[in-house]
Every structure is written in C-alpha cells, then in structure tokens.
Amino acid sequence: MKYNDLRDFLTLLEQQGELKRITLPVDPHLEITEIADRTLRAGGPALLFENPKGYSMPVLCNLFGTPKRVAMGMGQEDVSALREVGKLLAFLKEPEPPKGFRDLFDKLPQFKQVLNMPTKRLRGAPCQQKIVSGDDVDLNRIPIMTCWPEDAAPLITWGLTVTRGPHKERQNLGIYRQQLIGKNKLIMRWLSHRGGALDYQEWCAAHPGERFPVSVALGADPATILGAVTPVPDTLSEYAFAGLLRGTKTEVVKCISNDLEVPASAEIVLEGYIDPGEMAPEGPYGDHTGYYNEVDSFPVFTVTHITQREDAIYHSTYTGRPPDEPAVLGVALNEVFVPILQKQFPEIVDFYLPPEGCSYRLAVVTIKKQYAGHAKRVMMGVWSFLRQFMYTKFVIVCDDDVNARDWNDVIWAITTRMDPARDTVLVENTPIDYLDFASPVSGLGSKMGLDATNKWPGETQREWGRPIKKDPDVVAHIDAIWDELAIFNNGKSA
C-alpha cells in the first residue's frame, strides 16, 4: 500500500471503516481529547472533526490509534509484518556484502528498496498553495488543542520539526511538543540529547548570536510521520527511511524563508527561527506518564511564514496515561525493534515494551541463555545499543521458556528464579527522561536490571529446581476422552 499524502491515507482508512467524520461542533479545548480518549480506549477509528468550534480548519485525531493503523501507515497489512521493516533497518544499520549468488538473490529486494532512499526535490508543492507571512501570521487561526484541564496553553503535538546543524548535509526530523505563547510564538520543547537540540547547540557554537532556522511540518504523509518516530540508523535520514517504507522517493520542497526541505504534501508548514538566548517557561502539561510535568525553560520558536494546502487539515493528538497514541505506536514499533536487537544479540528470542510501562520505561527480554552472567550482558546491551532505550528504567531478562508478553509467565519467573540481592543490578547516575519526576535529579537517575533466568553453575551453589512437566501420553489420553467427561458441556478446556 502506497500513499502519496495524508489525504490518500485517509481515503483508504474511510473505505475500510477506520475513519469517522464528526460533523457535530466540538471544542478543541478539552472536548476533542475526551472524545479521542474514549475512542482510542475502545479500539475505535481515526477521527476527523470537521467543525471544531471557532475554526474553519478540521482536526484529525487518533490517526495511529490502533497497531493495525500504524502497520497500514508503514505500508504493511498487519502488525506482524512490521518485523520485516525491522529486518530492513537491521540490514541498513550493518549491511553485509552477499556471501554468494543465492545470498545476493535473497537480498535483492533489500537492495531494490535502497533505490527509493534519495529524496525528490520539487520546485512547487501542495504545501505552499497558500502563504501567509509577517504580521499576517496568526497561529490562533489553527485549531490547536488544549488537552487537559491544567495545561498551560494550547499545544502542538504532531509537528515534524526540521533542522540542520552547521556541519551537516543531512537534516533532522524530530517530534517535539510546542506550546503556543503568542500569535507567532511557540516554545520548542526539545531535550538536550535530541537531534534538533544538538543541531541548535552546534549552530550556537558555530554562529554565536545568529538566528537558527527551523521549520515544522504538520500533516505529512504517514510514511514520513512514522519515519520520524522509528529507530532509523544514525547514518540514515528520516526522509530516506520514509522512501523505503513508501516504495517511492520522498518528495520535498525548499522552504520559502530558509534552505530547509519539508515534505511537499504536508498540510501545514511553519517556517521561522530560534533567536539564541530567547527562552520561555514551558508547561505544565499532562503527558504520557499520566501526570503533569514540571515547568522548565526552553527556546522560543518565532514563526515568520505559514504555508499550507487548500482546505488544510490540522493533525493533532493528546498524551496521557496509557493507553494513548504514543503507547499504541510503542506497541507497533516494538515489532520493529526485535530484529534490530537480534542482529546485534542473536541470543534474544523476544523483546517486549509493555504499554502500561509508558512505552519504553520497562522492557522484558527473553534469551537463549548460554553462560553464567549472560543476562547481565543483555541488560547492558539493551541500555546502550539503541538510543531509544537510554531512558528505559527497568530491564527484566528471562529464559526462552517464558512468554515475554504474558505477565503471568514473567511474574512467575521473577518470583521463582530470582534472589533479590544476587540477581538485581542497580546502576546510578544514568540519563533519565526529563519528564520522570521520580528521579532525584531532573534528567539523571538510576536503572534496575532483573535477572529472572535459571541460574547456572557459578551463579548459584544450590541444586536448581526442575520445572514440572505433564506426561504427554496422559495428556493425549485425556484429550481423547475429554468430551465424554462433559465437565463443561462444551468440549475441551484449556
């Protein structure tokens, strides 16, 4: 499935009953969030609010509110197919030359996909059909949502922020929330280790006192949106990855006021700059932890131009205690992570980020254990291999006889295979999510690893327990006579 733009994707969703148009007037202040939250928790469709109160621009919510729609956005039929996306990323992260003709033939599809990586630059684009600049710029005309009662102000949530460092050819795409503080002013909340913030820091060092160009695209095609939240290798641009997903080159266009390139089909583009030293207090906002975060200062983004399509659609979301849209994305992208981790650690059987763990704060890993201390090596690998897991607070490692996605299995392994003192690893003074108020210092906290594997010689001096297993002959016999027993009157029981 290929989508040229967001509207193509919405057409398909509507045809499949995955999009609901809301014609009743609904307020972007709190009301859209309430409707979207109820719908997402019920596994419902994407929502297009055609008449937001006080605005003429429709609001799109819950676009990726189910794992199925995330898979569709990546051009796949279902979530299980996302493993193939992960295998492609693993290949791109550490490409290997073919070992022979047969291997070359097997890898041919991957090499063919690479042809879609370069971007296609357009002279004109749909995202520039309407242009507003200077004093005419007014962000208040966009139906920016206020999601929770104690939120400080309306908040842009799905903007793809485009930046470029002074020493880089490649642009960075990142998703950072942006608080509305004026008709042409937003607060750019990016954490110091994120790509946009790093580009900004390098710019300030190379060009002291000079304005840093920034553009924000809203309502890009699904492949580009998802490319910005997927763990692409550092050497691969998000646009290139979007081309791989889509099967066609990503079309971009140069901005009106700067040299940054934005998705040509985006619904809305905000162009402007950050003035070094211009900061503002951001928050509080309800976030994916289920709490309001503390107030902190971040750079101010001044918008000089707004370009948009005719009849533009504003793409938005909310974040709150899981399940929310980021949690759903986490469930789907979990399938992408598995092959990438297995490429580096072949002993990994499965990897799971429970959505109730706020998408990434707790990971369960199952392995084919091969030696004493193996579980601890895997813990350290998870924390260090992909930057997406630098904020993971808890890593639980189990044997491959445990289902990583079944809490009954995981809790059984923890309570029967762990000694708290011997099998718990604590690491202090590590990077922690700024939003994690449980850490003693903002951005710095501890991590815990739990070794819930069977212990090998060298890890214990005691005889290890042998799991109870049923007699297969008895099981087969009881299966054969189960219906005659009529215990439940409905055939076999679990």
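Glycine is treated like the rest: Cβ placed from N, Cα and C.
Lifted from Swiss-Prot, the feature list:
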- ASP287: active site, proton donor (ACT_SITE)
- ASN172, GLU238: Mn(2+) binding site (BINDING)
- ILE175, TYR176, ARG177, ARG189, TRP190, LEU191, ARG194, GLY195: prenylated FMN binding site (BINDING)
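Positions of the features from Swiss-Prot, shown on the structure.
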| residue | record | DSSP class |
| --- | --- | --- |
| ASN172 | Mn(2+) binding site | strand |
| ARG177 | prenylated FMN binding site | coil |
| ARG189 | prenylated FMN binding site | coil |
| ARG194 | prenylated FMN binding site | coil |
| GLU238 | Mn(2+) binding site | helix |
| ASP287 | active site, proton donor | coil |
Have a look around ILE175 (prenylated FMN binding site) and count the other CB atoms within 10 A of its CB, chains all included.
19
GLU238 (Mn(2+) binding site) to GLY195 (prenylated FMN binding site), Cα to Cα, whole Å, comes out at 12
Taking only same-chain residues 6+ apart in sequence, whose CB is under 8 Å from that of LEU191 (prenylated FMN binding site), what do you get?
ALA197, TYR434, GLY443
Of all the Cα pairs drawn from ILE175, TYR176, ARG177, ARG189, TRP190, LEU191, ARG194, GLY195, the residues the record ties to prenylated FMN, which distance is largest, in Å?
14
Across ARG177, ARG189, ARG194, listed as binding-site residues, the smallest other-CB tally within 10 A is for ARG194
Please give me the CB contact count at 10 A for GLY195 (prenylated FMN binding site), counting all chains in the structure.
22
Listed in sequence order, residues not in ILE175, TYR176, ARG177, ARG189, TRP190, LEU191, ARG194, GLY195 with Cβ within 8 Å of the centre of the prenylated FMN site Cβ atoms:
THR161, GLY174, MET188, GLY196, ALA197
Looking only at C-alpha atoms, tell me how far TRP190 (prenylated FMN binding site) is from ASN172 (Mn(2+) binding site), rounded to the nearest Å.
13
If I take the alpha carbons of ARG177 (prenylated FMN binding site) and ASP287 (active site, proton donor), what is the distance between them in whole Å?
10
Length of the line joining the Cα atoms of ARG194 (prenylated FMN binding site) and ASP287 (active site, proton donor), in Å:
18
Within the same chain, the residues at least 6 apart in sequence whose Cβ is under 8 angstroms from that of TYR176 (prenylated FMN binding site) are GLY159, THR161, MET188, ARG189, TRP190, ARG194, GLY196
Given the binding-site residues ASN172, ILE175, GLY195, find the one whose Cα is closest in space to the Cα of the residue listed as 'active site, proton donor'.
ILE175
What are the sequence-distant neighbours of ASN172 (Mn(2+) binding site), meaning same chain, six or more residues apart, C-beta distance under 8 angstroms?
VAL162, THR163, ARG164, GLY165, GLY195, GLY196, LEU198, ASP199, GLU238
Mind checking which of GLU238, ASP287 has the fewest other CB atoms within 10 A of its CB? They're the recorded positions.
ASP287
Cβ contacts within 10 Å for TRP190 (prenylated FMN binding site), all chains included, total 21
